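A.B. asks: Here's a structure for you.
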């Protein structure tokens, strides 16, 4: 589902070019769940941004569902994200001026799904917030906001789901609920999951774990097939 | 409804409900409402004032001619649906009771006057009341003075030329009587049909023919264009209300300029408010845009969503602004209904169109650049919160905004000079402020060192947010400058009007006072507790030569001119005065006043005396400094050399002279004197008694004229007060918008400071200090820039005397500090009361 080939990311700084990702190559199979773990600043969010087509590689190749992300412009990548990718973020990233239901409808509307409202209501019920559809994000607790975000991620039945520290802003109980919900929906829809976290416990729930250190993918879990540093 | 439109509509609806759009919406409402109310009101007021000044030429347009006006010209006007009236004026003699008097004879037809009215009174020198009729063929309506001079009463007959008329009314006033102290003979009004039988307009008599026109502006212009080619400068003069150079004309013109200025400033303020609000709006939408992009929305989808939103906001803002502006204007007009006769019946489309145009242009142009930035927000912002819009340069925004503001100013004012002056002063201010900001930053670096006090925290914050602060500082200073400009202009205009006619301004002139009567008259007036002014000697002279050039008859004066100002030439008859002292409201602009001149030290040719000439007459007659002017007085010849040029304020109600000679030139002549005095309303019945001992003296009543001018000035002043309030409100709203725009940033800072353990009182004080510093700097800069723009406006546009307003250099920084400090503290009060947890939660 995801294939990277020697991807490198360099950024310009006042002191010249800085390579923040060393050449990275790995593959994620369809339906697989992969955790990218690492300390803050290790480059895991940068990698996630590249994999999801939010950012562009400096060199190397990324294929997302066999589409060459590295050759696409912003518009093409946006279209690909809309069609195949779902997102969950640490800070929820809900549109504050839309209700919970409207936030969930948003990707459905953008990608032109039929009956977005009905679909949004169904998935809202699934995350247990059927009665909170008309509430605005600031009227919901952190756990509820993340559940809305999960519902928004799944409404388009994406092939790949990227989650960036999905429980990073939540307390233990809410974290647990959100984790359960995330994995349950993932299993139900057979989605490929790429999850960035520094929470080892959460990472262990994924089939594979990739570890980032200082821009390098230095360690991979025992049952991985091909990955290189 | 398409997806983008429905999404835009939903976003708009929710954001409007939640108050997210309130500032930007408010800014648009404000721009439309203030532009509409100001321009609607000023248009109505101008209409009322123009109507009023039209009364002074008795029509919308007037054609004055020294030859009879061709009948076909009048028919041509009637064919264009214009109303036409006629008057023939000449000087003649009136006989009664064996006495005779030179009179100013006016023969009018039944349509006269087309604007204003003829006033007749029941008793001599009383204020008259309007009458719709004109004298019938054998009637004469006669000036109060003629009753005295000829010793006649109502019902008596007077002879004028070959005809006999029965005096049936005391003539108090005609609309276009004009105002000239000299050569003012008592007026007699008769019917135009009776003029031929009087036989006073034959060869040798100087006659002035006037045709009056009213009608639509289009028809009047069309008529003038058709007529223009046939008019001869020597013979004809075409007058419109705008040509009125009297005190009233000047007042109206100045008021119009002021309204224009105030409206322009309201537009600029509104644009700034919209720009500020749009910037904040865009910043608040960085996240939603990044989210939508992440979720797959294309840039074109996002563009459409936000353009729809701006359209919704603009439409709603324009609608609300129109309604509010109309109500506001209605309130102002009703409040003024006691003083200003402004008709509410007429609906003016122009202000509405201007307001809608302004609202749309402001909304689109000033939202556009922040929106362009918004479209460029990268989706990666969802992961990296520090990524904002990739705006290449702010220069583009400033250029676009600047051009848009200038375009609006010019489109609205159609006056390049006003637009350029305001715009350039604005630019100078921006430049000064950028320099000041850098200075502040450097200063802050020094002051901000050491342990944190509230003041140091404030400096540190100012320094840290250098760019934001410079933008904030500039907008505060611009707003304060614009407010100051309007305020000072208003004060100066009203003050100069008041100075022009202070309480106790002479309301009667006396001419023909003989040398022998001089002392007696002063003693008599003093005994009666009436203060008479200085007596000016006057002698009629024939203006014979300029250098060696003998003056031709073309320069002959048109006696019936409304104001001495408009004469195309001085003519051969001139009133000469002589004095060693320069009169009030006269200013030497070239050469030297002859007060210190003596024949012994003279550098002039023998037998030549100094003369001071009014500057505009000199220009019109192409007289240069040093020219030799020769006057014939009786059989004597007086040779003078122009040693100084003066400007004269013709708006003062005092005797003013074109030629002032050195007294040494006039020793052999016996002058008559002119003086003026003030008689309060309640003592008017004493007037006849007061002047009875001086039967030969001619009394000239200017009270009615003064009151007319005063009432117009009061009305216009009252209107200006209201406009000032409107502009002040607009300015305050910009300040609030600007403070609001920095709220998100402040919220973050407060949360951090609170978390780090800063005391609430420290933070509160530091916020207040910050606003005090910014306010006082902005105030000082505003005072500086204000001085420049006022100087240019007053000297170049308003034709007023200029002065430095030192007091504002102190007042402006203080006011800036207080106003901005209070506004800042008020806007931040909620933020300062939030606890740390709430602040931190709001940051997420």
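Cβ atoms here come from the backbone N, Cα and C positions, even for glycine.
Remember, TrEMBL labels are computer predictions, not curated facts.
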A.B. asks: Write down the single range among B:21-41, B:42-62 that appears in TrEMBL as transmembrane segment.
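C.D. replies: It is B:21-41 that TrEMBL annotates as transmembrane segment.
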A.B. asks: So what's near the transmembrane segment (B:21-41) in sequence-distant terms, Cβ-Cβ under 8 Å and 6+ beyond its ends?
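C.D. replies: Tertiary neighbours of the transmembrane segment (B:21-41) are 12, 15, 259, 262-263, 266-267, 269-271, 273-274, 276-278, 280-281, 313-314, 316-318, 320-322, 324-326, 328-329, 332-333, 342, 348, 350-352, 354-356, 358-359, 362-363, 367, 412, 719, 722-723, 726-727, 729-730, 733, 737, 740-741.
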A.B. asks: Go ahead and report the DSSP secondary structure tallies for the domain 'ABC3 transporter permease C-terminal' (B:722-835): helix first, then strand, then coil.
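C.D. replies: Per DSSP, the residues of the domain 'ABC3 transporter permease C-terminal' (B:722-835) fall into 99 helix, 0 strand, 15 coil.
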A.B. asks: Which range out of B:716-737, B:767-786, B:806-826 gives the transmembrane segment (B:471-489) the most CB pairs under 8 Å?
C.D. replies: B:767-786
A.B. asks: What residues elsewhere in the chain lie close to the transmembrane segment (B:767-786), defined as a C-beta under 8 angstroms and at least 6 residues from its ends?
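C.D. replies: For the transmembrane segment (B:767-786), the sequence-distant neighbours (Cβ-Cβ under 8 Å, at least 6 residues beyond its ends) are 425-426, 428-429, 432-433, 436, 440, 454-455, 457-459, 461-462, 469, 472-473, 476-481, 483-485, 488, 739, 746, 805, 808-809, 811-821, 823-825, 828, 832.
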A.B. asks: For the transmembrane segment (B:806-826), what are the same-chain contacts with Cβ under 8 Å, counting residues 6+ beyond its ends?
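C.D. replies: Non-local partners: 476-477, 480, 484, 488, 732, 735-736, 739, 764, 767-768, 770-780, 782-784, 786-787.
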A.B. asks: How many helix, strand and coil residues does the domain 'ABC3 transporter permease C-terminal' (B:261-379) contain under DSSP?
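C.D. replies: Helix, strand, coil within the domain 'ABC3 transporter permease C-terminal' (B:261-379): 99 helix, 0 strand, 20 coil.
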